Amino acid sequence: MADTYYEILKKRGFTRDEFLKGCTTLALMLGLDYSFAPKIAKALETQPRMPVIYLNLQECTCCLESFIRSAHPMMEDLLFNMISLEYQETLSVAAGDAVEQARRDVIRDYPGQYLVIVEGSIPVADGGIYTTIGGHSAEDILLETARDAIAVIAFGSCATNTCVQGAYPNPTDARRVREIVRNVPVIDVPGCPPIAEVITGTIVHILTFGTIPELTNLGRPKAFYNHRIHDTCQRRAFFDAGMFVEKFDDYGHKHGWCLYKVGCKGPTTYNACGVIQWNNGVSWPVQSGHPCMGCSEDNWYNDHTPFYERYQRFPGATVPRDPDRVGMAVTGATVVGVAAHGVATAVKKGKEKKKSEFHNNPENKA
Ligand code: SF4
Ligand code: SF4
């Protein structure tokens, strides 16, 4: 019988303490109380490895790059040793007919027991000729592979919202995974790329509870996609104070002010980038000085351009072309952030005069 996750961890030198700590981390990542840690531990101690087929369709492989870079050592082990990754074009040793046969063997031998991860959109124009593997179109491969899966994880923005391939005029007629797969649950894990820990957490949830995680109304795991980038951003205090970067490399940019005016889409983007971050929590785009592009949102590649201009559409408000005037109009209403910005911008001249006086004072130089 196949080793359980815990047995493999033991063989790899993890102590029981490290294992239990890892289970607690996973519980918290999944948005659960730490008291769920024993349940996760039990599942990892008793469940055999789950076969996983990872398909690369119309994409650039950046999601896989993220997938293999989980920072937590136990989670990295989970990805590479705990799941049984039966098919992955880039990582598989086998190639050609042999690896395609391995995929079909999983479908035949583990009906209803394997998980499918899909990276990339599905081009359906011209009979699907824009992505074929072994002479078969991406659509045919996906339909064949998903047929008897427990669930399909659409991993990354290409798979969940078609990303750059879907940009107008969408020449390959790129489709989302959930537009093609209808007979099994589809879990959307958007991001360009998504954070590795998000997919680890999603897989662990399926293993632990035998069900797919609770999803948002857009079909994304709630534990990771229930909050806006804006809600957990370390620059948020500057947004509320009306202190904005006006152009890259200015004083505000160098001092961590809000990036809204140089195109940040954080107020309308739901993702966990600011909480989990990349590379063991070292940083994430907004912390590093780049505005959030809103890559996890539907149709972002068309809707969010030009990327480096301020965004005028906020949920729950009909925003005309001049956000400054909107801010004035909705002061005190529900879109508090926009209102704060509008008011701040309306009094911009006076404020900037004060800032300029402040910055020009030699005693205040950084
Ligand atoms: S607009 Fe962007 S940079 Fe500013 S607080 Fe929101 S998420 Fe952070
Ligand atoms: S910060 Fe924004 S653009 Fe960057 S990965 Fe996260 S959601 Fe996507």
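Cβ atoms are placed via backbone N, Cα and C, with glycine included.
As the structure is a computational prediction, the values presented were derived from the model and not from experiment.
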Record-annotated [4Fe-4S] cluster 2 site (TrEMBL): member among Cys258, Cys295 besides His230, Cys233, Cys264: Cys258
Cys273 ([3Fe-4S] cluster binding site) versus Cys158 ([4Fe-4S] cluster 1 binding site) - Cα distance in angstrom: 18
Cβ neighbours within the same chain of Cys60 ([4Fe-4S] cluster 1 binding site) - under 8 Å, at least six residues apart: Cys158
Residue among binding-site residues His230, Cys233, Cys264, Cys292 with Cα closest to the Cα of Cys63 ([4Fe-4S] cluster 1 binding site): Cys292
Rounded inter-Cα distance in Å - Cys264 ([4Fe-4S] cluster 2 binding site), Cys295 ([3Fe-4S] cluster binding site): 11
Those binding-site residues in Cys60, Cys63, His230, Cys233, Cys295 whose CB falls under 6 A of ligand 1, listed in sequence order: His230, Cys233
Shell list ([3Fe-4S] cluster; ref centroid = CB of Cys273, Cys292, Cys295; cutoff 8 A): Gly191, Cys192, Ile229, Lys265, Gly266, Thr269, Asn271, Trp284, Pro285, Val286, Met293, Gly294, Ser296
